[in-house]
């Protein structure tokens, strides 16, 4: 028998924590994790960055893309349409600056985060950056009088929810700025409340307000949201992060506003309160994905229960094969410091181990002093965490839970992932039009990156929502002979994989293709050595 080619099967991508990956039990897997095992070169988890004053210049955006940003999030709680239009233009300009080289080009998605039915305070002394100190025990009057909309200070605070006096009682608590400041209601009038500061701190302009336990009667989609969503459709955004989704009907309402023209926009529902957690299954059913928005969630439900909600939501999303994003305070201290706390490093890693498809940065990239360092840090932590996943058990369970199906794409996807484990493949190459074939493969959480080749730019951008998909945009004209066109795209994926260090000549890759043109015909799996 001829000796096997000495390089074959040593795909270095698979040596990462391989000893641990082959363990028989989860405990043994943990015992075998090795801090000196080099991680994989590809990162499978998507990184979403909020774009703000610290990061909206084209130059900075280029650096962020190089550092690993996959999705640019625009927070519509702040800023005008002109402001956001300029940011979108800058993101696209930064992305396209890499377009001359199809090997290195990375499509970046644009996400619109709605303001939603949230309550915010007014401006402090007319300035977006001013702050005032609220002292514990002090009296603070809350007013609905618009004369104070831009004149808030340490004595009087305007907020934008007109029915607040109807839904809070004397003794109710009001939380401001992600719960950092707490107020207790002492008396209520027709259009004002008198509160005592329980927990003080410095208060900035336009901060979020939470009323835990109050039956807040705000519409799921406000007038502002409708205008913002229509603006998003015009601007051709790729996804919407819908704030404060409480039930499936809220998601349908967002979809209705997006209309026919925005029917391909993915709707990611943000779960931010008790009702959203309680009705999670119906919301998941109606949505394209879920965001675990831990900021507001951690005020609306007790802080010590947030991790339970996070694990439950990520688990159910993984089971259903829908993307899930873990967000809020992931590297919060990096707003002001170049290194994260140990707890934050652990938090990012554990979100990845829980099964999150994407991890998100908010203030860290929007207004922080170290936006690039934050992106790089998430990239490095995610890579290490991905290597430490106990894939043996995960794949077994995902396969057991998946319903029996006669759909050729689903069956081929399971086969491709199983084969990728067996032969330690350097990557799984998928040719996909709508993206569905790649999503099916991602659902089974392979160790190897999924290189998804598509000619549809939106499919490429939206693919970042799914764990493990590395989208490649093919800009070549379609060849007449179907087989030649397949080879053209597979070869592009091979070139990208080699250039990115995912695999080298002689390694094995899995190739998943269709047997004829069009969507819905993916059914052929091949095991191919890299040329």
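Glycine is treated like the rest: Cβ placed from N, Cα and C.
Per Swiss-Prot, the annotated S-nitrosocysteine among residues 31, 152, 423 corresponds to 423. Matching 41, 45, 328 to the substrate binding residues that Swiss-Prot gives (73, 270, 295, 296) identifies 328. From the candidate list 188, 207, 230, the residue Swiss-Prot records in the ATP site shared with 75, 76, 77, 78, 120 is 207. A separation of roughly 13 Å, to the nearest angstrom, links the Cα atoms of residue 120 (ATP binding site) and residue 296 (substrate binding site). Between the CA atoms of residue 115 (SUMO2 cross-link) and residue 207 (ATP binding site) there is a gap of 12 Å, rounded to the nearest whole number. Residues belonging to the region 'Interaction with POU5F1' (307-531) score a mean pLDDT of 92 in the model. Of the recorded residues, residue 207 (ATP binding site) and residue 403 (4-hydroxyproline) place their C-alpha atoms 45 Å from one another. With all protein chains in the displayed structure included, the most crowded Cβ environment within 10 Å among the recorded positions 115, 166, 207, 266, 270 is that of 270. Residue with the densest Cβ environment among the modified residues 37, 127: 37, by other Cβ atoms within 10 Å. Between the CA atoms of residue 166 (SUMO1 cross-link) and residue 296 (substrate binding site) there is a gap of 22 Å, rounded to the nearest whole number.
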